[in-house]
Amino acid sequence: MHNKHLIYVIEDEVDLGRLIQTSLSKFFFEVQYFAKGQEALAAISQQKPDICIIDLNLPDMDGIDLVRKLQHKQIGIVIVSGRDALTDRVLGLELGADDYVTKPFEPRELVARVQSLQRRMQLSIEQYSQKPHSAHFAGITFHPDSLTLNADTDQEEKLSRAEADMLLALLKHPYQILSRDQLLGENTVPYDRSIDVRVSRLRKKIQPKGQKQSLIQTVYGAGYMLVTDVEWK
């Protein structure tokens, strides 16, 4: 057991990895550094961290594969990478990363993003503890504890933690417009399109077959709205 929030830094550049470790340690995080993905996976099997900071260019595996392995483990994920192409950013976010930071970056900015993610995760835990066990809508049952969706056809769909947080916010306020900030639980960075990627992915996962109208409607200039009845049990 650990009292401080535990963070794993997985970065092949030793100097940068140690700099990130030192920067986060100054803000009372417990930080462990790994130069290889397999080393981090072995450590995670023994002690699960709260957040992983993952470089995509690892010597023993693609960082995207590491993100894919962790996407359903309820671990916060921040990608740091020199890959600034839109396709890489979208793929990382679609696989469940909570944030994507391109190199070069200021260590203090990364610390601020990690602190923001930690606050969102804590808020998510509090929200789940305040709600009944499951939500029923449009022939689907959402189980917050296991981050799963079950359709009436017995089909099960697993959500990333970020997707589950967003769905929970929408389910708590059906037929109400929620701003980008309300869905993310923090002030968003101007022109940050990560929320659009998550909404698009979530729409596909909850959309009933044969229904053309999306359950999550875009209200241009205002935010998003869930247009279906919700029953909590």
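Cβ coordinates are placed from backbone N, Cα and C, and glycine is handled just like the others.
TrEMBL annotations: computationally assigned, not manually curated.
Taken from TrEMBL, the feature domain 'Response regulatory' applies to 6-118. As annotated by TrEMBL, 4-aspartylphosphate applies to Asp55. Per TrEMBL, the feature DNA-binding region maps to 132-228. If you look up TrEMBL, you'll see 132-228 marked as domain 'OmpR/PhoB-type'.
Taken together, the residues of the domain 'OmpR/PhoB-type' (132-228) have an average pLDDT of 83. For the domain 'Response regulatory' (6-118), DSSP puts the residue distribution at 51 helix, 27 strand, 35 coil.
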